[in-house]
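Engineer: Sharing a structure below in structure tokens format, with a few things to ask.
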Amino acid sequence: MPVESGSSAAARQAKQKRKSHSLSIRRTNSTEQERSGLQRDMLEGQESKLPLSVRSNLLDLFSQIEREFENIYIENLELRREIETLNDRLAADGQAFEGADLAKGALKTKASHSTSQLSQKLKTTYKASTSKIVSSFKATTSRAVCQLVKEYVGHRDGIWDLSVTRTQPVVLGTASADHSAMLWSIETGKCLLKYMGHQGSVNSIKFHPTEQMALTASGDQTAHIWRYMVQLPTPQPVADISQTPCEEDVDFSDKDEADCDVEGSIDCPSIRVATTTLRSHQGVVIAADWLVGGKQVVTASWDRAANLYDVETSELVHSLTGHDQELTHCCTHPTQRLVVTSSRDTTFRLWDFRDPSIHSVNVFQGHTDTVTSAVFTVGDNVVSGSDDRTVKVWDLKNMRSPIATIRTDSAVNRISVSVNQKIIALPHDNRQVRLFDMSGVRLARLPRSNRQGHRRMVCCSAWCEDNTSCNLFTCGFDRQAIGWNINIPALLQEK
């Protein structure tokens, strides 16, 4: 007696399923017609200001939409049954799929030649509907190693900004919404000094290029310059933290985001009086920075202006106006008298003070939302980040269009660029920190798990070029700053 082959049996079974599916659709259509007639009769008995013809037309349209969704749902159920049947058949042959659940990744098979056609058909059928899911779960091949070295905990509110000193001793500075700025030992994580001279949120902190002086900007509409003297403690043995690949990403649960009460836990010297107070803004001073040489500073404010001050006299030298909305950030070039200001008006402006007689300005229009920051690189480039979820690299000699564009899945906050490695660190609203090279190629993502990483929005990043245990720092609204050791091989950067 002839035996029916497996392929012909599968074809006959699929044909029967399609037949039963078509019958169910016919029954559904007839049921829908009865239902729509009943609903139309009920509609006529209800009061409404709409004409009856309009209401009837709307009802017909919604009925059609409901029918389409019901048909799709029925077809989806049939396809799911077909998947289970094929998987059971492959499993019986000893050639089961690995990762057959479509929601967890691509279908992978080690089936023999007899089952390869079925698996290929299954992949093709669901290729369009699962391409996004599959691509989001693809295994990465990053060889970068990102190690969390130290956590700096002590602020009572979110940390807006952080910076590393450019002179010895090398310390970390943080600016917080708790009206204070703190200086930390990078190696031990101990607070060395606390500045408490502001009456509002401290929004930024920058260190003098050659002296032990700090510049802070605040919501109290002022910027302060204050001197500090710190002595580094003896480094303690560092706990053994295993090296973590830079692609670990495990979300925190809500209970992991509980605030840490650190009140009374920080005992360090404090300063309450500024050496110099810079006043003239009519709104929140959101950022400030030193010009090359350290004899002048620039401040950016919500009053839509950036001011240039003389440090020695505290006098206002220039008021840089032109932005249509509040400023969000300002940055100075490390070796030239150039200033870049960012704004909520979706632009950033380059101010040139190299010629004392001519103060030129160039406007960069490349973003569609608030420009959260724009920073210089050592060369002739500017890197800008925005709430439009993009980061763009610009050439100062050709400002019409960016030379590279990085597209992300979350708003970008205050970015930083490594001087030595030319790596861009992107802090995001979604608690991630990503690393890219200047050509826009993604190098790594800092690890996040239930044991390490930021629990809330990451506000700022800063690189440290000195030979310390940490070469990248990040801070966020989880009230902590984190020191990372980033090791990216040269071959990976060249890709």
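Including glycine, each Cβ sits where the backbone N, Cα and C put it.
TrEMBL annotations: computationally assigned, not manually curated.
Summarising the annotation, TrEMBL assigns region 'Disordered' to 1-41. The annotation compositional bias 'Polar residues' is assigned in TrEMBL to 22-31. Residues or ranges marked as compositional bias 'Basic and acidic residues' by TrEMBL: 32-41. For 152-194, 195-226, 278-319, 320-361, 364-404, the entry in TrEMBL reads repeat 'WD'.
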Engineer: Could you give the number of helix, strand and coil residues in the repeat 'WD' (320-361) as assigned by DSSP?
Structural biologist: 0 helix, 26 strand, 16 coil
Engineer: Please list, for the repeat 'WD' (152-194), how many residues fall into helix, strand and coil according to DSSP.
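Structural biologist: Breakdown, helix to coil: 0 helix, 23 strand, 20 coil.
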Engineer: How many helix, strand and coil residues does the repeat 'WD' (278-319) contain under DSSP?
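Structural biologist: Helix/strand/coil tally for the repeat 'WD' (278-319): 0 helix, 24 strand, 18 coil.
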Engineer: Go ahead and report the DSSP secondary structure tallies for the repeat 'WD' (364-404): helix first, then strand, then coil.
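Structural biologist: With helix first, then strand, then coil, the repeat 'WD' (364-404) has 0 helix, 21 strand, 20 coil.
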